[in-house]
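When I checked TrEMBL for this same protein, it listed these features:
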REGION    411-433  region 'Disordered'
TRANSMEM  30-49  transmembrane segment
TRANSMEM  61-82  transmembrane segment
TRANSMEM  137-158  transmembrane segment
TRANSMEM  221-241  transmembrane segment
TRANSMEM  263-281  transmembrane segment
TRANSMEM  293-312  transmembrane segment
TRANSMEM  318-340  transmembrane segment
TRANSMEM  352-374  transmembrane segment
TRANSMEM  380-403  transmembrane segment
């Protein structure tokens, strides 16, 4: 836990520093390095937060994962609204004697059509001169908004007596959370057993224990198959999120739809808005419904939505309806798949790293793939690609269910005979997981 909290503190602090530095980068190489640091920090936060929720709450983790990913979607919806007031409708660089050139930009935007991108070359835009922009304020505001996060993590480290310089007489916070969980009927023995199990399992307390080869000795092929198929499902579904939000605008403004540019600009916002709404709805739903059922509904819903989008490809109204529907079905796929896979693998947290990595790679690779295909084959291939990715996601989910049925279940007799069952955790006030 100490390693995870320290990594979260360093990563969240790095994000604030990166956003503060970005407006000061006057070289593209320096900017690329800074953005790479931001990506690394965000990847650490994504993996560790998911993994720790799974380890802490185990069978109850589905609800907390849905809440976590609701805030992910909420942030993705909110941050463009923060940046929007600082974006200019005019050219940001004014050359000497060409100050009125900035007035050309709105006309350029109106005259640009997808079939004639060469129109841009008819206008002489200044590339050197006085920079007139307020976009730096957006980055600095985001840096300030994020700053309370590392402060809160450091406070948690301090309260848990995990800061070497501040091992005072502070009272821990997480022991109260454990007491609240243990008051639930029928769960007390299970939670006390889970609280001791990591201390008896070699290497389980280490943040990087999943990477140790000794943990793979004697593992059945279904163990690896569950990891791989789960990661492939998220590779496809998160890839769909990335490619749809990235290219639905380009698809809408092309023929046969030819949606007005300003109206088409609402589609990505609508998509992310319904992803956020779906994750909010999924918090109470996940309390009643099993993660496997939720993933099945999500994957089938994505397939049906893409099929209807293909059938009604000439309808602008259904494009908006389909975008909202797709956002709802994709919203809870990641947290539900995480909870389902960890449930199969006894909540050890190892699957989380594999699944988060698979989802990130899918979001990166499928955007590149779809972008090149649209460029060569036209806008209709955007929906065809989505349909193919949806079919692959359903196929991999079916394989995951198949391997789940073959995966060996823990023997209840071994649990009863385990010395952990009789062990009573000593109340030291420290977090026992």
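Using N, Cα and C of the backbone, Cβ positions are placed for all residues, glycine too.
I'd like these features described in context: how deep, what's nearby, how far apart.
Residues 4, 7-8, 10-12, 14-15, 18-19, 21-22, 68, 207, 352-353, 356-357, 360 of the same chain lie 6 or more positions beyond the ends of the transmembrane segment (30-49) yet place their CB under 8 Å from a CB of it.
Note on the transmembrane segment (61-82): residues 49-50, 53-54, 138, 141-142, 145, 269, 272-273, 275-276, 279-280, 282-283, 286-287, 291, 331-332, 334-336, 338-339, 342, 347 of its chain, located 6 or more positions outside it, place their CB under 8 angstroms from a CB of the stretch.
Cβ atoms under 8 Å from those of the transmembrane segment (137-158) belong to residues 2, 5-6, 8-9, 12-13, 15-17, 19-20, 22-23, 79, 82-83, 86-87, 166, 170, 173 of the same chain, restricted to positions at least 6 beyond its ends.
Counting only same-chain residues 6+ beyond the ends of the transmembrane segment (293-312), those with a CB under 8 A from a CB of the stretch are 233, 237, 240, 282, 285-286, 318-319, 322, 325-326, 328-333, 336-337, 340, 383-384, 386-387, 390-391, 393-394, 397.
Packing against the transmembrane segment (352-374) from elsewhere in the chain are residues 43, 46-47, 50-51, 54, 210, 227-228, 230-232, 234-243, 246-247, 250-251, 334, 337-338, 341-342, 381-382, 385, 389: each is 6 or more residues past its ends and has a CB under 8 Å from a CB in it.
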Six or more residues out from either end of the transmembrane segment (221-241), which same-chain residues have a Cβ under 8 Å from its Cβ atoms?
275, 295, 298-299, 302, 326, 330, 333-334, 337, 340-341, 344-345, 350-351, 354-355, 357-363, 365-367, 386, 389-390, 392-393, 396-397, 399-400, 403-404, 406-408
Cβ under 8 Å to the transmembrane segment (318-340), counting only same-chain residues 6 or more beyond its ends: which ones?
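Distant Cβ neighbours of the transmembrane segment (318-340) are 50, 54, 61-62, 65-66, 68-69, 73, 230, 233-234, 237-238, 240-241, 244, 248, 252, 257, 259, 267, 270-279, 281-282, 285-286, 290-292, 294-295, 297-299, 301-302, 305-306, 308-309, 312, 351-352, 355, 359.
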